[in-house]
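Pulled from Swiss-Prot, these are the features on record:
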type: BINDING; residues: Asp9, Ser10, Tyr41, Gly42, Asn74, Thr75, Thr184, His185; note: substrate binding site
type: ACT_SITE; residues: Cys73; note: active site, proton donor/acceptor
type: ACT_SITE; residues: Cys183; note: active site, proton donor/acceptor
Amino acid sequence: MSQPILVFDSGIGGLSVLAEIRKLLPHHNYCYLFDNARLPYGELEEQELISGCVALIDQVVERTHAAIVVVACNTASTVVLPALRATLSIPVVGVVPAIKPAAQLSKSKRIGLLATPGTVKRHYTYELISQFADDCHVELFGSSELVLMAEQKIATGQLDMARLAQVLSPIVEADLDVLVLGCTHFPMLRDELQQVLGKGVTLLDSGEAIAKRVKTLLAETKSEQQVQEDANRDSVMQAFYTKAEISEGLASMLVDCGFSTLERITTINSNR
């Protein structure tokens, strides 16, 4: 098996990023690693987040011989990337909230960032706003509940729209024309978010930009012959999780997505 692309997240949100990468690289092999034992990441202390993520990703990279790692989690990307890059010898791609394109797209210059509490409070987020949206009024909204709602939707096919409307009410009242989805779970709720917020609010995420970056990096590290060989073989997809068990609904969804292997990875702090 050729070296896979390893996509990592705390839960199923990173599947939205993996889907964008597969559009550009449909024949590549993929590993999806989700640390659902510690979900949601937005409520973890910084050092706990760093040490756990680095140990887990390093373990799976060594096992799968991954060619590249995509940290498809905004919360983890804001704090884990330096330590991860210092540990691994392969390229590591993180997620950056789409603040810059949001500022460029906004006509009212009133934009919002919807993310986890962890991402909202990071200094990195404020640096992005200062650098790319200095001419905009930017509202920040942090929610861990939306992460769990996205997980529930995928696992059960159900979503409490009344509760979603309550969670989003501060955003509705903020009178924005562009909202950045600063958590990879949130594109899973795109249709429902749009329904509550209305067509006057444009929703932006970073999935497409990440996919283009991954394709560029792989092209730099592979020969033309290797690229051609990848294009001529069927894609193999493996999923790894850290919780003791996953629901039948989630397992069924992963199989429907094309994953041929679902396996629990035992690591520190994974007994929840």
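Even glycines carry a Cβ here, placed using N, Cα and C.
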Sorted by sequence, non-Asp9, Ser10, Tyr41, Gly42, Asn74, Thr75, Thr184, His185 residues with Cβ within 8 Å of centre, substrate:
Gly11, Gly13, Pro40, Cys73, Ala76, Thr116, Thr119, Val147, Cys183
By a simple count, how many Cβ atoms lie within 10 Å of the Cβ of Thr75 (substrate binding site), its own Cβ left out?
30
Taking 10 A as the limit, how many CB atoms besides its own sit near the CB of Tyr41 (substrate binding site)?
27
Could you find out if DSSP has Asp9 (substrate binding site) as helix, strand or coil?
strand
Please give the maximum pairwise Cα distance, in Å and rounded to a whole number, for the substrate-binding set Asp9, Ser10, Tyr41, Gly42, Asn74, Thr75, Thr184, His185.
12
If I take the alpha carbons of Cys73 (active site, proton donor/acceptor) and His185 (substrate binding site), what is the distance between them in whole Å?
8
